[in-house]
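Annotated in TrEMBL:
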type	residues	note
ACT_SITE	His187	active site, proton acceptor
BINDING	Cys195, Cys198, Cys225, Cys228	Zn(2+) binding site
DOMAIN	82-329	domain 'Deacetylase sirtuin-type'
REGION	1-25	region 'Disordered'
REGION	354-378	region 'Disordered'
Amino acid sequence: MAAGGLSRSERKAAERVRRLREEQQRDRLRQVSLILRKAAVERSAEEVRLLAESGDLVTELQGRSRRREGLKRRQEEVCDDPEELRGKVRELASAIRNAKYLVVYTGAGISTAASIPDYRGPNGVWTLLQKGRSISAADLSEAEPTLTHMSITRLHEQKLVQHVVSQNCDGLHLRSGLPRTAISELHGNMYIEVCTSCVPNREYIRVFDVTERTALHRHQTGRTCHKCGAQLRDTIVHFGERGTLGQPLNWEAATEAASRADTILCLGSSLKVLKKYPRLWCMTKPPSRRPKLYIVNLQWTPKDDWAALKLHGKCDDVMRLLMAELGLEIPAYSRWQDPIFSLATPLRADEEGSHSRKSLCRSREEAPPGDRGVPLSSAPILGGWFGRGCTKRTKRKKVT
């Protein structure tokens, strides 16, 4: 006899019985599922009897169906009709005028107008992957700050927005002219690499995507610090990682801003990641003392029930109406005035071949009228880079 008092043959027989029961249960589940798909008037007497005898299975299958439908509804994009949206924008404008400390949380939805895919929209990265479809890498060197980015910058200039907390890595807030101190890029910036051996950490802003060689838990970019020679790393925080860099994540400023906020405006974020950061929602405060929440998103978010107002619209459409309601002009983006060119550190001669990503460039046509005739050697832009779509960096002549 084996342990448990059963012989080997008895255990095998018991296993066969168990498998038979499981198969019968699966067959019954399939039968009930097929019957439930039929209209009640189309079910035979035998099928009605089977449903009556399978109450637990019917309850389980109906619960699954409700969950599937709920998930499907959450993934659907909903648009307010134009008149309703205008009314909501007027309410949002009033809230912004009356806010004492407004913080803006932004997600991938504010960059879709720049041809950067979001994650959970109908054509988002995660949505397509879940459907088994392949995704192509976007050329982010062609992306420019959107109307929403430029509107946020103007609102900050007017002291209507105090701080911006972004999940995006595309660097477009920086390129829109928003001051570094006013941005917390919680998941990093694709244009910034850092030396963590230097104290404080030494930043290198580049005019190309520095993440060419990096990935989850592998952050070295292949270049070295100009000061100490240590390996540089990117600033990206991947899923499953915890961001520890001071800049550009700027968590200290984000937490401080959240603690002072009386109003939070969420633009283009599903909030499925941000909701996991309790420090951003003042959850230690009683509900009556938490900031009023306003959400602009086409899809459901887990914070909808907490929101004072939910606007179902594209970010650019909402911001265009909002800025008109506030009587503010939206500045046009100019690559000539893009601060990344003045902030960037040029590559050294031995680093010229360290990347193959397309570099950002500026053309003479974008220059202010008085600067279009400036010689290439003395043009006030990094490395003398002109021409849209340029892939090669030309060395700037030394001016004596």
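Cβ coordinates come from backbone N, Cα and C, glycine included.
Within 8 Å of the centroid of the Cβ atoms of Cys195, Cys198, Cys225, Cys228, where the record puts Zn(2+), the same chain has further Cβ atoms from Thr196, Ser197, Asn201, Arg202, Thr224, His226, Lys227, Gly229, Ala230, Leu232. Note on the domain 'Deacetylase sirtuin-type' (82-329): mean pLDDT across this stretch is 90. Across the region 'Disordered' (1-25), DSSP assigns 18 helix, 0 strand, 7 coil.
Long-range neighbours of His187 (active site, proton acceptor) (same chain, six or more residues apart, CB within less than 8 Å of its CB): Ser166, Gln167, Asn168, Cys169, Ile236, Val237, Gly243, Leu249. Neighbour counts of Cβ atoms within 10 Å were compared across the binding-site residues Cys198, Cys228; the minimum falls on Cys228. Working note on the binding-site residues Cys195, Cys225: by count of other C-beta atoms within 10 Å of each C-beta, Cys195 ranks first.
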